[in-house]
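Here the structure comes first, spelled out in C-alpha cells, and everything after it is commentary.
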C-alpha cells in the first residue's frame, strides 16, 4: 500500500513539473473535457454553407487561459477541463457534430496570439465586460453572464442593503468597481482581495461587514466552503460581466455558427448545466430574457416602479430591514423579478389586515406579495400563479396534548382569514378571536389567553423554531386544502399579471424551495414590533410620569407660589418702567385710545408737539372739540366703523394745528387685541411730521425745473453762440485773406482793414454782452455812477455808428433837448452800452429811412431831473407776439434771426435801466418802425464835475520805461511788442515764467506785463516769485477771462493791475501813462461813495480829509488786531475787529471792502477752516491798500 502511494506521489509531482515547464515555455497544455451534460440539445438552424464548413473543419481548437475561475473552469492544472465552460463546450461538440479540443495558455495574450497564428480557432474568455473586438478579431454573443451579489453572514442577514454608515466591504479581482460600491455604500471602506474565496473568508472572520462579488464565484464558494455561515442577500441587475468566444474575422462562418448555438440555449438546458455547480436561487439560472409582448414592454416602460403592500409581521415571508426594504422569502423573489424585468419596488406597510384592506381600497398599492388565494377573493383582486403551497396548521401549547379543535376553545385567527367561515360552520362550539396578525395570535397562545392559533405550516414552523421552542407545537390540518400563496394585483392590471407570471414561471420550484428553506433555517431574526405596541407603551409611560410629576410638582407648588408672585410683581414693575422709557424715547408722537375715543396714554413726543395752551386739552376725549385731535378722530372713526384688522397699519395724510402753525402729518392707526376676552381692544396711534420733507420736496421740484430750464437755455445759448461767433470770425478771416493776396488797391486794403476791425469790435461787443449777462444773473454787476455830460456822450456814441448808417444809406440824426452845461449822475459805461445796443438794433433792422436819437431832461426839483432818451427807427416794426418774447434770453424775432446777434442786447438794456431805477418802454407796429424809450430820474448838477472816463481820445506821451512782456503764445507777444514799439517803449520778451525770472534777475525793469495762464509757470505763480524778492516793480496781468473773480485773484497775489484782452493802443497808452511810481493809483470814487461822504461832511473838504485819514488809521489798527486775534485763536476778538472794519466801510460806502469784512466776520461764526480765513485776509489787505492809495492821491475841492 505504501509503495503504491509513493508511486502515485512521484507521478503527480512529475506531471506537475511537466505542466509548469510547458507554461514557463509558453506552450499550451491540452486538456480533456469532463462533462455531465444530458441528452438535451439546442435547436440549431444551420445553413448548407455552414454545415459544409463544419464538415470540412472536423475539429475546433478552443484556447482557454489561466487563472481558473470556478464554477466556469476547474482542475485545468491536472489536465482535466471541468466546470460550466466544459459542459457548454461538450454540448457544443455534440450539437455541431465536431470534435472540440481544449488548449490552456498562460494568459489571454498568448491565447489570442494562438488564434492569430492559426494554432487555435477560438478563445473562450474569462468573465469580463464585453470584449472590445478590433481587427483581426471578432466576438460572439455572451455565453454565461454574472451579476454583482451582496453577501453577509447568516446571523447578520437583516443588515441593510445600502447605508450611509461607515462599513467595510470586501471585493475580489477588482469587481465590481469602487464607484459601483459607493453608490450603495458611500462611506464604505473598500478592501481588495485576489480571489472571491479570500474576500468571503474575511467576511466569515468578521474583518468585513459585506462582500460584493459576481454571483457565480460567490455562490460556488459559499455552497462549497461557507454553506452554514454566509448568505447572498441581494443581486444587482447592473454592471454584469460575461464570457465570450473570440475568433479571427477571416473565419467568417465560425462566429455566426457559435451565435446560432448560443441563441438556441433554452432555460431548461442552462438550468440543467448550472444546477450541479450553483445553489438554487442564483440568478445564473436565469440566462434567457423574458419573452414579453410589445404591449407588456410598453407597460414596463410606463411603470418602472411599483408599490408593494406588505405586513412586516408575516415572517418569514415578509420582513423589513432598517431601510424599510422588503426582506425574507418575498424580498428574495422580488429581487429575482427585478433582475428579469428591471422593475423597482417601493414598500408600503400595513401593520394589520384591516389597515391593509383600507390601503387596497384607496388604491395605494400595485402588488400584494403574500396573498392566499380563494375564489371569493378572486372576485375582488387578481392572483398570479402560486409561488408556494403550504398546508394550514393548528398551533397549540406543548402541554395541551393533541392539537385539535374542541368545543369551548378560544382559537385565534387573523382578520379576514379564508378559513373563518369554514371554522364557524365546521366547529360551531369554538370561540374565534380575531387578531391583526399571526405573531400576535402566537403571543396570546404562549401567554395562555387563547387555546389555539390557525396558521400555515411554513409560518408556524418558523415562529416556533425561532421564538417559541418547547412552548408551542403544530399539526397539519389534513382535511383542509393547502394555502396557495401568490402575488395579488388589482384586477385592472392584466399586463402586470402576465409579466409577473412569466417572471415567476422562469424561477424554478427548486429555487423557491431553496429560498424558503434558507429563511426558515436562518438564526433568530429580530422582528420590530414597536409599531404594534407603541401606543400602549406610550400610554403606560405617560400615566406613570404624570402621576410621579403630579406629586413632585404639587409638593413644590405651594412653596413657589409666594416667591413667584413676588417675582412676577417685580417683573411687571420692571416691564412697565421699560415700556414707559421705551415709549418716551421714541422721537415721534405715539398715543393710545379706546374705541370710544378716550385717550389712555401718550409719550413725551406727543406732548412736546403741541403748544403750552393746547397741552391742557390733549388728554380730553377726542370727541371733545377742544382737543386738537378731534378732527382726526372723525377720520379714524370711519376706519373703526368699517372694521380694523389687528396689527394692520392704516395711514392718513392730514393737516394738524399744534397751536402755533399747521403741520402736515402722516397719521397711522392699528388695532391691538388683548389675549384676555375681558379687556377691550385698544387703538395704537401716532404720526410722523413730514412738513419739512414736503417743503424740501417742493423746493427740490422747483430747483429741478430751474435746472431743466437752465439746461435748455444753455443748449439754446450754445447753438446761438456757435453761429454768432463763427459769422464775424469768418468775416475777419476773409478780409485778412484778401489782404494777404495783395490784389487790392490801397483804398480797398484800408476798407478791408476797417471792416475787419469793425467786425472784431462787434465780436467783442457780443462777448461783452455775454459777460454782462453773466454778471447780471450772478448778481455781481454793479453800476459806477459819475457826473456825465450826456450831450458829449451821445455824440461820441453816434459817431461810431455813422459809417454803418452811411453804408445802408440811412439818415442818423440827434435831437438834443438837454439843458446846456448840465451834468447828470449816470454810469458812463452803462449809458454808452445802453445807447450802443439800441442804436445797433435800430440800424440793423432798418432798410430805408433813418434813425433818430432824442434826449430830453425835465427838471423835477431837489437836484433831480427826469431823463427821457428815445431811439426811433423807420424799420419793419415788431409784431405783438414777438414783443412778448423779445426780452427773454437769446430770443429773437423772425426778422432778427436773419441778422447777426446773441439775442441778449435788449435783455441787458432792460436790466441796466432797471438797475438805474428807470424803465425801458417798447412801442412798435409792423411796417411803421420802432421806438425804444428810456425813462429815468437822476441827480443833476451844473458844476464842472466831468466823469473821469474821458470820452475823447487822449494822447499819452511815452515815458522812459523798460518793460518785460511774458506770454507763451508767440503771436500775442508779437502784437503786444509792436503796440509798445508804436508807443515808443523799450521791450524784452519771455516765453514763460521761468524765462522771465532769469531776465528779471539779470536786468532792471519798470514794468512786467504777464499772461495769467501759461504752461510751466503761470502769471500768478510768477508774481508770487517776484514779490518774494521785489515789492516795487509794477506787474500787470493780461488775461482773456474778463470776470471779477479773475481780477480779484490777480490783485490778491500782488499784481498792480489786471488788464483784459484785447487791449487797443489807446487803452494801453492810458494805462502806461499812470506808471511812474511803484504802484498804480486808484480813483477814490471807484472805491467809496463820494456823494455820501460829502453829505456827511456837509461838503466841507477839510472835514472830508480828516474823516478819510481817521478811517485809514482805524482800519489799520483793526486789521493788525484781527491778525493777532486769529493767531491766538480768539475768535470773539477777531469778529469784533472785522465788525469795526465793516462799519467803517458802510459809512464810506466802500462796497467791496464791506463785502470782504462781512464775509470774514461770518467766517468766525461758523468756525471756517484756516485756509479760507487766510485767503479772505489777503483779499481784505489788498482792498485796504487800494483804499489807502486812493485816499492819499485824493484832493477834495
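Just so you know, glycine gets a Cβ as well, placed from its N, Cα and C.
Automatic prediction, not curation, is the source of TrEMBL annotations.
Look at TrEMBL and you will find 537-558 tagged as transmembrane segment.
Sequence annotations record features per position, and here TrEMBL assigns domain 'Histidine kinase' to 720-940.
Annotation source TrEMBL lists domain 'Response regulatory' at 962-1076.
Residue 1011 (4-aspartylphosphate) falls within a strand when secondary structure is assigned with DSSP. Under the heading 4-aspartylphosphate, TrEMBL lists 1011.
Taken from TrEMBL, the feature domain 'HPt' covers 1100-1194. Looking just at the domain 'HPt' (1100-1194), the mean pLDDT is 81.
DSSP assigns residue 1139 (phosphohistidine) to a helix. Taken from TrEMBL, the feature phosphohistidine covers 1139.
With respect to Cβ neighbours within 10 Å, the modified residues 1011, 1139 differ, and 1139 shows the lowest count. Taking H, G and I as helix, E and B as strand and the rest as coil, DSSP gives the domain 'HPt' (1100-1194) the counts 85 helix, 0 strand, 10 coil. Here the domain 'Response regulatory' (962-1076) has, by DSSP, the following mix of helix, strand and coil residues: 51 helix, 25 strand, 39 coil. Cα of residue 1011 (4-aspartylphosphate) to Cα of residue 1139 (phosphohistidine): a span of 37 Å.
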